[in-house]
Amino acid sequence: MEQEKLEVNQSLNIISEMITASRYNLAEDRIIYLMWGYAVAISAIIHYILQFQLGIKEAYYVWFSMPVLGIIQTIYFAKKKKRKRVHTYVNRALSYIWLGFVLVLISLLIISPQISWGGVYPVFMFLYGIATISTAGVIKFKPLAIGGVISICCGIIAAYLAFEYQLLLLSMAIICSFVIPGHLLKNAN
Amino acid sequence: MFEPLDPLLHSQLRLAVMSLLMNVEVAEFNYIKEKTNATAGNLSVQVNKLKDAGYIAVEKSYKDNYPLTTCKITETGINAFEAYLNALRSYIKPT
């Protein structure tokens, strides 16, 4: 009987060890959150300073750095895919959430001349909110959900403000939904 | 009352493989080998036993011109694992 008990305990230990070993590493992709977070936050602030403090009309050129980051991210995930030896449900869920996010983001950029930048920016913030709250649910990481909610609130406020303030709110939204959770992910698992 | 434990799962390495595969969709043979700290020979034997029982599906293909073996748990495997867990519960339940 004692032997049987020990074996049962061993079995439970093995199951628990394997679940831990195959768990999604939360800190795995934090570099991507940080890269986009800092890039968008800094670009929005530079855009604001150049256009609304220094009066430079071509300030929006600052956003042309985004496609470059898009290429860097594509290379990062292509390399990661090559090294990947396991497919998990978490990875699949995250891939589809962020694929949807990117497709809607590109669609918004395409239709932006129709609805003006002032109309599009709040939707960007809603979009950050949807993606980060969904991700938070999948990886069980609360700071991302909190960041997502703050981002949505920024979007609501932005809808009532002039474009120059929307830039500052966009910066705040991305710092709360990408940058802060990105740093906190380092110590989480 | 103690429920009988599935002898196929009540083995260290086979249980480790099944627990791992319960948590992922598909895993490469080398990934399982690394996580379970098993030797390739032993793992191969145990994987084949699980495959013969219909608990896992094994697929052989190529990746960058190298042979690649991937494993995936089947519906039968999931049911067997759940039954095994339920049987384990009967041992740890306070009497």
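For all residues, glycine too, the Cβ spot is worked out from N, Cα and C.
Per TrEMBL, transmembrane segment is recorded for A:31-54, A:60-78, A:90-111, A:117-139, A:144-161, A:167-185.
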Residue list, the transmembrane segment (A:167-185) vs rest of chain: Cβ under 8 Å, 6 or more residues beyond ends. 26-27, 30, 33-34, 36-38, 40-42, 44-45, 47-48, 52, 121, 124-125, 128-129, 132, 141, 143-144, 146-148, 150-151, 154-155, 157-158, 161
Under 8 Å Cβ-Cβ from the transmembrane segment (A:60-78), and at least six residues away from its ends along the same chain, one finds 31-32, 35-36, 39-40, 43, 46-47, 50-51
